[in-house]
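*Asks:* Annotation comment: TrEMBL describes 47-70, 82-103, 115-138, 159-183, 203-225, 253-271, 277-299, 366-387, 393-416, 428-452, 458-476 as transmembrane segment. Among the features that TrEMBL reports, domain 'Cationic amino acid transporter C-terminal' is placed at 431-481.
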Amino acid sequence: MSILLAIKALMLTNGDFGNIDSNFSAVQALFFGGEEGLPNFLARHTIPGLGIVVDPCAAILIFIVTALLCIGIRESVLAQTIVTSVNICAMLFVIIAGGYLCFRTGWVGYNLSSGYFPFGTNGMLAGSAVVFFSYIGFDTITSTTEEVKNPKRDVPLGIGISLSVCCALYMLISIVILGLVPYYSMDLDTPISSAFADYGMDWAVYIVTMGALTALCATLMGSILPQPRILMAMARDGLLPSFFSEINKKTHVPVMSTIATGIFAATLAFCMDVSQLAGMVSVGTLLAFTTVAISVLIIRYVPPTEIALPSSHSESVGSGSDDFLGIHLTSSNYPPENYVSGSPLLMDEQKECVQDKQNQQRKQKVATLSIFFICLGALVLASAASVENLPSLASFTLYFVGGVVLVCSLIILVCIDQDESKLSFGQTGGFTCPFVPFLPAACILINTYLLLNLGTGAWTRVSVWLAAGVLVYVFYGHSHSSLSKASRASAAAVDVHCPLLADQP
């Protein structure tokens with residue numbers, strides 16, 4: 001199962017091989033002898049007065065893929081397997097044939113007077129922030145956890161295998177293509193195809209183009225597939241209208257969520273440039289990964305207050321998580337006759353309960369401040385590294401302050417015991433994040449640096465979507481959330497378990 005999950009992730013991450021060749025219209029135009037050979041209804045057009053370039057090909061392809069996903073998951077997986085196989089074969093051809101040409105010509109692309117890194121390390125890292133979206137896809141494995149027989153083992157293995165294979169393929173392709181053609185001579189729309197054409201291998205253009213086309217299809221299917229399930233989960237929690245959680249009885253697919261996702265994606269692809277979309281995706285994904293890293297620290301050191309979930313949620317989690325959720329507070333455990341005023345046993349239990357809570361609160365306050373300063377230190381360090389033409393004194397000051405804050409916060413956090421009860425969410429076995437708090441802190445630092453290197457335009461566009469999401473939550477999700485309703489039941493349970501806690505600040 002872990003191998004199947006890895007293959008599914010390859011459909012997504014390696015599917016972005018098509019993004020190397022920029023966009024669907026440019027790739028498809030190679031079959032017609034150039035973009036001028038495309039039929040008029042497929043060619044890109046510029047809206048007069050607005051300067052917006054619309055791409056009908058991209059929107060049509062998304063609608064086709066959306067229709068396929070609505071038919072059923074089996075048909076979608078079969079189509080994904082076919083296009084991904086073609087895509088990987090094309091990538092292997094590029095690596096083998098391109099490597100042969102590089103060895104024969106002496107790797108001319110690297111014989112530059114400016115050296116191997118013409119823009120320096122900062123330039124390379126800034127570029128990696130933009131192309132980060134090419135590696136997106138492995139995280140989609142987690143959206144299908146419910147459909148995996150042994151998710152504790154298979155999901156982590158699938159993510160690890162897919163990332164390893166994708167990184168190897170991407171690095172090999174980058175090495176080969178840069179060895180064939182200097183970076184400044186590349187065709188920005190079709191770099192791989194044009195690189196082979198420069199060596200007289202016009203027939204290879206069709207192989208590469210076929211791989212790029214199938215890659216785009218695999219990327220679309222893999223990207224649209226998990227999003228409806230995310231919408232479905234949010235609708236089940238009450239954060240979105242209930243029709244998003246409706247499952248078609250025949251196809252067993254959330255059709256309404258799939259259609260909504262397809263329409264939204266087609267609209268963006270129709271009227272936005274691929275570079276704009278890449279920036280938005282990179283910002284959104286890096287923010288999500290940074291949030292996950294922070295959440296790991298919070299779960300380990302400042303776990304959220306236990307709440308009693310509704311019965312439907314409790315049953316789906318399983319009996320193994322009852323202790324974690326704090327739902328064993330029954331009348332048989334704490335009969336009313338025990339709560340007699342002046343009972344010595346009761347007073348001792350209550351005092352011990354209050355003291356434990358006070359100690360826990362003090363520890364969590366220190367841990368909260370430490371996590372905050374870890375984020376602050378990472379932000380200062382990333383700012384010092386990303387800002388260009390910064391005076392030496394200011395740069396040294398930022399590096400010193402940020403480094404001291406980050407290191408000191410990590411030391412304090414290491415000295416605090418982790419909350420083991422929240423480590424596995426009431427379940428036994430499975431994967432847990434290692435090297436906490438060092439690995440999450442490194443993730444926060446690197447992601448923050450990459451985020452700061454993305455353009456303001458990408459941040460502006462993402463801010464619009466974030467604002468729209470906040471409005472949906474404020475005006476709908478907050479009042480309909482299952483979690484919000486459950487918190488009131490949790491407060492009542494705490495009063496039963498330890499009445500004196502209500503009097504504590």
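Keep in mind that glycine also has a Cβ here, set from the backbone N, Cα and C atoms.
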*Asks:* By Cβ distance under 8 Å, which residues at least 6 away from the ends of the transmembrane segment (253-271) in the same chain are close to it?
*Replies:* 52, 54-56, 58-59, 62-63, 65-66, 69-73, 220, 223-224, 227-229, 231-232, 235, 243-247, 277
*Asks:* Can you tell me which recorded stretch out of 47-70, 82-103, 203-225, 366-387, 393-416 has the most Cβ pairs within less than 8 Å of the transmembrane segment (277-299)?
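*Replies:* Top-ranked stretch among 47-70, 82-103, 203-225, 366-387, 393-416: 366-387.
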*Asks:* Would you call the transmembrane segment (366-387) and the transmembrane segment (428-452) in contact, using three or more Cβ pairs under 8 Å, pairs 6 or more apart in sequence?
*Replies:* yes
*Asks:* Considering every residue in the domain 'Cationic amino acid transporter C-terminal' (431-481), what is the mean pLDDT value?
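*Replies:* 90, rounded to a whole number.
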*Asks:* Output the single range from 159-183, 203-225, 393-416, 428-452 maximising the number of Cβ pairs under 8 Å to the transmembrane segment (82-103).
*Replies:* 203-225
*Asks:* If you count every Cβ pair below 8 Å, which range out of 159-183, 203-225, 428-452 shares the most with the transmembrane segment (393-416)?
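*Replies:* Most Cβ pairs under 8 Å with the transmembrane segment (393-416) come from 428-452.
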*Asks:* Summarise the domain 'Cationic amino acid transporter C-terminal' (431-481) as counts of helix, strand and coil residues per DSSP.
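*Replies:* Computed counts for the domain 'Cationic amino acid transporter C-terminal' (431-481) are 40 helix, 0 strand, 11 coil.
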